[in-house]
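Asker: Have a look at this one before I ask anything.
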């Protein structure tokens, strides 16, 4: 019997937020946000406190060799870390969210009797493989995952890059992100860099009147996480700090596909230590001391290290799960 495969979950905070609420996260508890870059200026824009960080990266020969090497190393980890294996193909987005929630249960609340409430109570004392099999055999999660996987902005899961100078290109645009990032400087940079590019046209977000760029043939939401040192000199002259242009692909029929070469992992802080949680690995990977207040920056350092191992790829995406404040923002 062939291993079970799900449709991949899009790296889209709006989709993930609906997914979390639909399965039992109480409203006003936590929310997913795009992280548009790993420099301090861009990390400061992420709502705080950050409870967990999700990282989407391309699978390569080098990353697979490193994974196999890590799996052969005997590691011990704090049994307070909630960790589960991944046995379902393309379930890494859901596994990443479960890893995040499972390690912040003291910070958030679930609707009583909801899927999350029952799942974490039922799997609390199971080992990582038992948790994976519990998930694999749960039809409610499979249906919810399938619904979320077809609810995003993408037409398939094909990455496409048009310039290394733009810090982040993201197809699909949620309104809060537009308000936060499509400011004058970012538009000025994007206009200068792309006004003559055949794949780019400029449009207006009708709900806010803010300018943005759109890619005429971009199929997947992806972030190009580059530090300011990678920006060309003419781009740096346009603004005193790194700015971001938000991109939106024109509306087209969605076609979710299951042939992907990217993978989600989660970073969480447990008992003063930063852990990388990857269901394809034998266990959590410790990245050293951390704290809830330093989680985002510490995770960013670990992510930068992973990006540097794969410098030829620009297909990375970072999403933070932050505690919602009392006013909901």
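The backbone N, Cα and C atoms fix where each Cβ goes, and this holds for glycine too.
TrEMBL does not curate its annotations; it predicts them automatically.
Copying in the features that TrEMBL gives for the protein in this structure:
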- 5-323: domain 'UCH catalytic' (DOMAIN)
- 86: site 'Transition state stabilizer' (SITE)
- 92: active site, nucleophile (ACT_SITE)
- 263: active site, proton donor (ACT_SITE)
- 278: site 'Important for enzyme activity' (SITE)
Asker: With every protein chain in view, how many other Cβ atoms are within 10 Å of the Cβ of residue 86 (site 'Transition state stabilizer')?
Answerer: 23
Asker: Out of 86, 92, 278, the recorded positions in the record, which is closest to residue 263 (active site, proton donor) when you go by Cα distance?
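Answerer: So, of the listed recorded positions, the one sitting closest to residue 263 (active site, proton donor) is 92.
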Asker: Average pLDDT across the domain 'UCH catalytic' (5-323)?
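Answerer: On average, pLDDT over the domain 'UCH catalytic' (5-323) sits at 72.
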Asker: Please report the distance from the Cα of residue 278 (site 'Important for enzyme activity') to the Cα of residue 86 (site 'Transition state stabilizer'), rounded to the nearest angstrom.
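Answerer: If we compare the Cα positions of residue 278 (site 'Important for enzyme activity') and residue 86 (site 'Transition state stabilizer'), the gap is 8 Å.
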Asker: Three-state secondary structure of the residue listed as 'active site, proton donor' from DSSP?
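Answerer: Strand, per DSSP.
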Asker: Between residue 86 (site 'Transition state stabilizer') and the residue listed as 'active site, nucleophile', what C-alpha distance do you get in Å?
Answerer: 7
Asker: Non-local Cβ contacts of residue 92 (active site, nucleophile) (under 8 Å, 6 or more apart, same chain)?
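Answerer: For residue 92 (active site, nucleophile), the qualifying residues are 8, 9, 86, 263, 264, 265, 279, 280.
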